[in-house]
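Contents: one structure, followed by commentary.
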């Protein structure tokens, strides 16, 4: 059994591709089942017993515990075909952007991701919650077995250790904070701007918190469910509107921050063109934090619109990285120690079937000799003589296999067994 992590992220693929292979949160369980089924197809030489999928705005990754007779390259191909088939994309479009990490590299990657070392925002905490959600869904879908369950439990423990014993998350600039900084390049005073947030999830809540600190002129939450939008808007003394109201009200807002789970764009080119015309070409600042994107990319070409995606925010969120290099080194050292510990556990698991076979074989021998002793006792034989025969019979049966193997071996094989048997039976020789 081998562990494998296959996927793409913000360092290997642009948002235009990442959004095509993103899995909606409510489809992760179904996707895990599909992945396991795909790996087990008769035309595939790889079979996965366990699988989990992590899908965020910055990455889509499949973790698997599989038999891999074809090696890593075959695993990449099979996973790429699965992703392409599931999302109805050309295989050739995905293959160059994928990475595949086997065994200890897969474990190390999972530990680094959960600890925030592989994030666009170094040390950001949201990824840990996202990974926990992915694992819960994989478990509910039957995707977790002995290996992935143990790996993810250790992953969460490592992430907790890294975050509690290092400064990896200190002074990091989040996407939400970067959005505020960028908007201040367009508008001198946020306090004079009307801000619209589309969605009501964690990212929007974080963004609204950062913008609220700048005392904007107004705050509005647009959400598919009005009640949920109202709950969030109340926290920021704002109002809530329905997504259906956006075409008529978009022109009222100077700053638009969007992050929903929609699989299709919510704001189209025509809607923004009409809004800009109604605003008499007053600039509009827009940040699309969603993957797949909520705002059509073509909108960024409009003269009076400043549109940024998660990839565009990358340079802003690197602030303070240099100051955290010592924390990174500490975190990497912790991770390396924990990877070695986990791989030792993996190696130990490999001999479990051998140990089980030994127990079963010994139990069979024991039952044979015990039954023979019971029959002798039933005939009235002397108990000491029966016990003596029982002990000798067990000894003979236990040693028969090793003795026969040693007698039948020749040359180097006999020398190897002769050196090994004293270690196994802890004799003096």
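A Cβ is built for glycine as well, from the same backbone N, Cα and C atoms used for every other residue.
Feature annotations, courtesy of Swiss-Prot:
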type	residues	note
ACT_SITE	57	active site, nucleophile
BINDING	56, 57, 58, 59, 119, 124, 125, 126, 130	substrate binding site
BINDING	199, 200, 201, 202, 203, 204	NADP(+) binding site
SITE	109	site 'Important for activity'
Nearest of the recorded positions (109, 199, 200, 201) to residue 56 (substrate binding site) - Cα to Cα: 201
Cα distance (Å, whole number) from the residue listed as 'active site, nucleophile' to residue 130 (substrate binding site): 11
Neighbours of 56, 57, 58, 59, 119, 124, 125, 126, 130 excl. site residues, C-beta within 8 Å of centre, substrate: 120, 121, 127
Number of Cβ atoms other than its own within 10 Å, given for residue 119 (substrate binding site): 23
Close in space, distant in sequence - residue 199 (NADP(+) binding site), Cβ under 8 Å, 6 or more apart: 222, 223, 258, 259, 260, 261, 290, 294
Extra residues within 8 Å (Cβ to Cβ centroid of 199, 200, 201, 202, 203, 204), NADP(+): 197, 205, 206, 207, 259, 260
Residue 58 (substrate binding site) to residue 203 (NADP(+) binding site) - Cα separation in whole Å: 13
Residue 119 (substrate binding site) and the residue listed as 'active site, nucleophile', distance between Cα atoms, whole Å: 11
Fewest other C-beta atoms within 10 angstroms, as judged across 56, 58, 130, which are the binding-site residues: 130
Pairwise Cα distance maximum in Å, substrate-binding residues per record: 56, 57, 58, 59, 119, 124, 125, 126, 130: 15
CB contacts for residue 125 (substrate binding site) [other CB atoms within 10 A, all chains]: 16
Distance from residue 109 (site 'Important for activity') back to residue 125 (substrate binding site), taken between C-alpha atoms, in Å: 16
Residue 200 (NADP(+) binding site) and residue 119 (substrate binding site), distance between Cα atoms, whole Å: 23
